Amino acid sequence: MTTELLDRILSPADLRQLDRRELKRLADELRGFVLESVSRTGGHLSSNLGTVELSLALHYVFDTPHDRIVWDVGHQSYPHKILTGRREGMAHLRQQGGISGFPKRSESEYDAFGTAHSSTSISAALGMAVASRNAGVQRQHIAVIGDGAMSAGMAFEAMNNAGVTPNINLLVVLNDNDMSISPPVGALNRYLARLMSGQFYAAAKNVGRAVLQHVPPVLELARRLEEHAKGMVTPATLFEEFGFNYVGPIDGHDLDALVPTLQNLRALPGLQFLHVVTRKGQGYKLAEADPVLYHGPGKFDPAVGIQQAKAPARKTFTQVFGQWLCDMAERDERLVGITPAMREGSGLVEFEQRFPQRYFDVGIAEQHAVTFAAGLACEGQKPVVAIYSTFLQRGYDQLVHDVALQNLDVTFALDRAGLVGADGATHAGNYDIAFLRCVPNMVVAAPSDESEARLLLSTCYEHPGPASVRYPRGAGCGAAVGEGLATVPLGKGLVRREGRRIAILGFGTLVQAALGAAGQIDAMVADMRFVKPLDRELVLELAARHDALVTVEEAAIMGGAGSAVLETLAEAGVTLPVLQLGLPDAFIDHGDQAALLAGLGLDAAGIERAIRARFGALLA
């Protein structure tokens with residue numbers, strides 16, 4: 001693959017030296033480089049192949065980094081990273097010590113705002129625009145947001161706020177990759193986009209409105225005529241109701257349309273909205289045909305594409321959940337499955353196919369998902385909300401106010417609890433234990449393996465109140481998983497290994513690492529199963545029988561399961577040395593999950609090492 005032009009681009013300043021014809025050649029080189037890089041490291045592919053021309057046009061037209069570009073979600077920012085001096089870093093994308101797969105302020109001055117969760121870009125760009133206005137700085141502020149992210153309420157809250165904020169420069173670019181451009185939206189629409197984004201059109205429209213303000217009936221007629229005229233070639237003018245000048249849709253892969261339209265919009269003050277249509281996987285036929293498969297692939301050969309992988313010997317926790325959900329739905333027709341736009345990731349594909357009337361993908365709307373579940377529970381349904389731990393943070397008020405306060409029967413299946421590997425700190429589920437166990441009525445369960453996951457899912461589902469089950473990303477330890485729907489006593493743990501002077505209390509899958517460590521130091525290991533209600537009787541029994549306790553969890557130490565054990569001991573007046581092992585008070589960067597855990601001392605060797613360092617005298 002030739003990269004003659006790309007080799008010359010060390011920053012956007014170099015990009016702006018190219019003519020339009022060279023820009024098109026560069027787009028081909030950049031797209032090929034993205035494909036080659038991601039095939040070697042893994043990462044997000046389809047979305048990045050779809051934003052090549054848009055990334056080029058934005059950096060070509062706007063004076064970055066002086067002008068601010070905020071990429072919503074951010075997994076489509078690889079072309080942006082390559083164009084802003086991080087081409088070499090793509091060799092270690094999302095690897096420990098390498099560059100992030102998302103925009104990150106500490107990584108580059110061109111990353112104006114860190115993103116990874118959805119629908120934040122317009123709010124952030126609006127805040128920047130107001131700050132620039134207040135400081136008397138002239139700059140442009142651009143929020144690039146996808147059609148999926150635009151479905152979330154936060155995006156509309158931001159536009160509503162922008163509509164009443166005077167004297168700011170804000171451009172929202174809607175990257176719509178969920179529709180195709182029909183034939184009428186070709187050359188004609190390119191011309192109309194350039195016309196509507198031009199200064200003459202904007203000035204004429206403003207003058208006309210000023211005059212017509214004095215003739216209200218004529219003003220209303222003019223409004224309707226304008227809407228009908230625009231309706232011939234564009235979507236409804238919803239965004240203009242928020243105060244934005246709407247332009248588009250235009251072909252997001254046509255630089256001859258993108259560049260002049262963006263140049264026109266740059267010259268206009270106020271609120272501008274550009275609707276561009278792109279195609280996920282653009283330029284790579286396999287990704288165009290199946291953008292979901294190529295959304296976030298691992299390493300693969302671009303010449304042959306992603307090959308059908310052999311079924312892993314060990315099931316993932318997501319698969320265990322998906323099978324349990326279908327089995328429970330067979331038995332209980334009240335069960336309803338809910339996901340906020342994470343059907344594949346949360347394991348609901350089979351459930352949707354088998355129970356379509358009881359499956360609800362509510363879109364990127366975590367707040368709505370939780371309260372929707374609360375409404376279902378009020379009427380006797382049994383909702384199960386399948387959600388990543390990190391995304392439940394976005395629905396926390398609803399969990400407290402709408403579910404727990406009313407003690408409603410809602411089960412939360414929390415995938416990606418703990419470290420998540422390549423996606424890094426933005427997607428890590430480190431905080432759910434701390435923010436859930438403090439909520440009255442809430443049950444918090446943490447299974448140690450695949451079999452326990454099925455047992456605890458059934459137990460929490462049968463519990464008449466709010467309950468959560470947290471489990472990590474990836475494969476389990478290979479434990480056999482039964483087909484039944486048995487339950488276990490609520491709030492009761494069990495002893496996995498007897499030992500001598502030290503007792504290790506494990507919460508979640510780190511029980512396996514604890515067992516490995518215990519074998520080297522003859523320690524006792526308890527699988528606590530529940531953080532809340534905590535097995536108080538077992539904790540006090542172990543404290544009475546041992547000289548020291550160790551708590552182990554793949555979650556934040558502050559406020560976590562270890563804190564619950566300390567609170568129990570303090571309440572009972574028991575004084576005993578306790579070592580808490582878990583995730584530190586820090587954001588953990590991307591990298592291999594196992595390597596990250598080992599680096600934090602949360603593998604078997606690390607746990608043994610920590611216990612020897614703290615309680616060596618007890619092991620002598």
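Note: Cβ is positioned from N, Cα and C throughout, glycine not excepted.
According to Swiss-Prot, the thiamine diphosphate binding site annotation covers H75, A116, H117, S118, G148, A149, N177, Y284, E366. For E366 (thiamine diphosphate binding site), the same-chain residues lying six or more positions away in sequence with a CB closer than 8 A to its CB are P340, I387, F391, L392, R394, G395. Taken residue by residue with DSSP, E366 (thiamine diphosphate binding site) is part of a helix.
If you draw a 10 Å sphere around the CB of D147 (Mg(2+) binding site), it holds 15 other CB atoms from the protein chains shown. According to Swiss-Prot, the Mg(2+) binding site annotation covers D147, N177, on the basis of sequence analysis.
If you compare every pair of Cα atoms in H75, A116, H117, S118, G148, A149, N177, Y284, E366, the residues listed for thiamine diphosphate, the longest distance is 33 angstrom. The Cβ of G148 (thiamine diphosphate binding site) lies under 8 Å from the Cβ of S118, D178, A341, G363, I364, each of these being in the same chain and 6 or more residues away along the sequence. A separation of roughly 14 Å, to the nearest angstrom, links the Cα atoms of H75 (thiamine diphosphate binding site) and D147 (Mg(2+) binding site). Its Cβ placed at the centre, N177 (thiamine diphosphate binding site) has 22 other Cβ atoms within 10 Å. When other Cβ atoms within 10 Å of the Cβ of H117 (thiamine diphosphate binding site) are tallied across all protein chains shown, the result is 21.
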